[in-house]
């Protein structure tokens, strides 16, 4: 196996002594789409946030994070972004008081990432809806459009690995398929993506590999073909159906 | 009382008020922070200007730059001490820490510059003109011009271009701004450096109009508060209009009713405005 694009070792997150995440090892290969699934509170968002060293709260994060072989675990979030790791947090976080065009312009690709960064034409080809809404304020967008804008903004940064936290949350089923298909398309163009997804069924349709989290620990992981019929995954399905 | 003279006094006073408040406008508008040591930075900067001119014999423009540099250093020092609180947006602690800094600055100023009132004389104070039967000094004109220039620069700086967009992003959501690759810590330092420089510039321009004492600064904080709140918090254009309006009101009230109650009346106006328009006088947050 080639050097992972993103690799974490002994990644631990604690909130006031309570261990929220404990991952001995996790790797994302170049051009791979890995789905992270699990019940509510399993630590899925905590995981992707910790990889970027980012959080809305103030957890204690320790461990090693490597991007393309380079240690970035001690860097602040903006510096990890500059190295080529991008995060789209849960809920399609965009700047509500900026227009769509300004939201996109706000993310300038760091030096060295210019070659990887999506330009405006590529963004518009990926999400034609954003072209129509270009001059609207982000606050006027629908949930799906905000999600597209948030992903587009991350792509403008030219990441080599992208962390996507629940892009399907709150979206109509049709849009879920659209957004995840767009993500698959990006991976087919050699972007590496770690996708947190509560919608297990939708995730299975697009990912290469699955990681099942429970209470902050990896319960099972493997290629999607092998994991598809894993009873624990089926349980997650059931959890989803019950929710 | 000559109406034209009072109006001119009001315009000069208003530009002084606006200039004193501009740092806070940015501080509160961009970073959602407060600085209750604002008045003492004003006081220290006034002393630095006086000392540079009277003590070192430097030309007045160089003294202004020296005061601004002192303001920047104080701003950076304060922010370095408060960085954790800033990231946590812990406004109550920031208020207390900045009040503490203010008191320390007053003590240090007393030690360094002594307790005697000083008068800052600039070459501009001796030049005066007559306009429609009213008198105005070159120093007054300079206050107005510098005030206009500072607000125009800031307005265009924040409305357009990368700088303004970055500022608006950090103002809206500093955490999310990190994900767009912005070094939020640097923005916070820059904002505090600007706040220090801006109030120091105001002090260097306005202080020649009054005696300089270690006890000055309190009124300046109050004025700043009124201007920033009336203008609609964070609005650059609103702060300018509010500063000008407050200056003219204070001059006219002082001239035609009673100078002793001008500040009281200004607060009366503030309360009435806030009851009628809780978001301030600005129609929208124009400067953001």
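Cβ from N, Cα, C; glycine included.
Over in TrEMBL, the protein carries these features:
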- B:12-34: transmembrane segment (TRANSMEM)
- B:41-58: transmembrane segment (TRANSMEM)
- B:92-114: transmembrane segment (TRANSMEM)
- B:134-158: transmembrane segment (TRANSMEM)
- B:187-206: transmembrane segment (TRANSMEM)
- B:212-233: transmembrane segment (TRANSMEM)
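With Cβ pairs under 8 Å as the measure, the transmembrane segment (B:41-58) is packed most heavily against B:187-206, out of B:12-34, B:92-114, B:134-158, B:187-206, B:212-233. Among the recorded stretches B:12-34, B:92-114, B:187-206, B:212-233, the one sharing the largest number of Cβ pairs closer than 8 Å with the transmembrane segment (B:134-158) is B:12-34.
For the transmembrane segment (B:92-114), the neighbouring stretch richest in Cβ pairs under 8 Å, chosen from B:12-34, B:187-206, B:212-233, is B:212-233.
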